[in-house]
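Quick look at what TrEMBL lists:
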type: TRANSMEM; residues: 5-23; note: transmembrane segment
type: TRANSMEM; residues: 29-47; note: transmembrane segment
type: TRANSMEM; residues: 84-105; note: transmembrane segment
type: TRANSMEM; residues: 111-132; note: transmembrane segment
type: TRANSMEM; residues: 144-170; note: transmembrane segment
type: TRANSMEM; residues: 182-202; note: transmembrane segment
type: TRANSMEM; residues: 214-233; note: transmembrane segment
type: TRANSMEM; residues: 245-267; note: transmembrane segment
type: TRANSMEM; residues: 279-303; note: transmembrane segment
type: TRANSMEM; residues: 362-384; note: transmembrane segment
Amino acid sequence: MDKSLLMFIGSCFVSPIILFLYLPSLSLQWIILQSSLLSLGAGILTYKMIPTIAEMTAQANLAGMDLNKKGDAKFHGKKIPESLGICTSVVYLVTVILFQLFQWFSFPNTVLLSEYNAALASICFMILLGFGDDVLNLRWRYKLILPLFASLPLLVAYAGGTSVVVPIPLRDYLGGVFDLGIFYRIYLLLLAIFCTNSINILAGINGLEVGQSVVIATSIIIHNLIELTLFTQQQPNSTATSPHLFSLILMIPFLFTTISLLFHNWYPSRVFVGDTFTYFSGMCFAVVAILCHFSKTLLLFFVPQILNFLYSVPQLFGIIPCPRHRVPKYNPETGKMEAIPSNLTLLNLFLMIFGPMTEKQLCIYLLIFQGFCSGVGFGIRYFVAPYFF
């Protein structure tokens, strides 16, 4: 098994385990431990199921050539099964439903229960639309619209406020809190659309879509554990822990099932994840950020995706020609990926800055950058933001 993959996965568990051990509440630790054990079982099941589902998708002609290995005799004529995100997403859904079925997570009120069900509805809707995209090969204009419909259960069930805390320098003009009203809900809708599509456009090499999702999920889990620790220490009886516990219940099974997919999608990939996974993962992140009220923090973890989107804007909006596939060029003589400057993606930008590298190296460097941005995001969230809010 690839050592770099094992190191990457191991690094994702170090901080969460340490923070878990320092949680001051045994009841919280017990709930999280139950979640982790069930999620571990879900991860093992996902890992075992993927080869079987891969055969089924290949038989259904859901398979394709790896564009980054054209000219490589070792991969010549080899078709890779696609849409294996369906396996991960279905196991994930069953896992989180089991928490509700067996009441391992105690909902303190009916509002939170309705939000939990709305979260499952939005995720399920997005899985369906993503798999439909894999089968029907929808155009980009429709891909932007689909998350809008999948987000409707979230907006209907959202019971939080629509006010934002005004930065300290602006409080003399706007006051301490400013109510955005309907514009706040529009912002949440745009956030869901961005999350689902941003992972989809920062893609194209083995392991990148799944790897970046693992880093973001780990960052969210770390943030939730930090918040649980702070709130429990300062306000032992506060209900403010509920949103972050809610987020953990959704993110822990996501992390385990996604890691199982990564084992199969790591270079050289044995399966492709398809739009099913990218839509599913983006909606999972949007769901926890919206319902658990840390959308601004989530955007700090999405910095590479934001940069990729901004860099891609001229092509995405048709200002300059946009090819169907914007991946770098594979050079069979050197075995390395080379930049195509006219394809405006973070992948090509990295290759222009750092020079040609193998597909595996490019993926690792991008994941390191993703982790670095999350680290900077934590610094901004906990050390810089208090001076402005």
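Any Cβ shown, glycine's included, is placed from N, Cα and C.
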**OP:** Taking the transmembrane segment (245-267) as the first stretch and the transmembrane segment (5-23) as the second, find out whether 3 or more Cβ pairs fall under 8 Å, excluding pairs closer than 6 in sequence.
**Re:** yes
**OP:** Please work out which recorded stretch in 111-132, 144-170, 214-233 has the most C-beta pairs separated by under 8 angstroms from the transmembrane segment (279-303)?
**Re:** 111-132
Original post:
Mind checking which residues reach the transmembrane segment (29-47)? Cβ under 8 Å, same chain, six or more beyond either end.
Top reply: 20, 23, 87-88, 91-92, 94-95, 98-99, 104-105, 245, 248-249, 252-253, 255-257, 259-261, 263-264
Original post:
In terms of Cβ proximity under 8 Å, which residues at least six beyond the ends of the transmembrane segment (84-105) contact it?
Top reply: 31, 34-35, 38-39, 42, 45-46, 49-50, 53-54, 57, 116, 120, 123-124, 127, 130-131, 245-246, 249-250, 253-254, 257-258, 260-261, 264-265, 271-278, 280-281, 284
**OP:** With a Cβ cut-off under 8 Å, give me the same-chain residues at least six positions beyond the ends of the transmembrane segment (214-233) that come close to it.
**Re:** 8-9, 12, 15-16, 19-20, 22-25, 28, 240-241, 244-245, 247-248, 251-252, 254-255, 258-259, 262, 281, 284-285, 288-289, 292, 294, 297-298, 301-302, 367, 370-371, 374, 377-378, 381-382
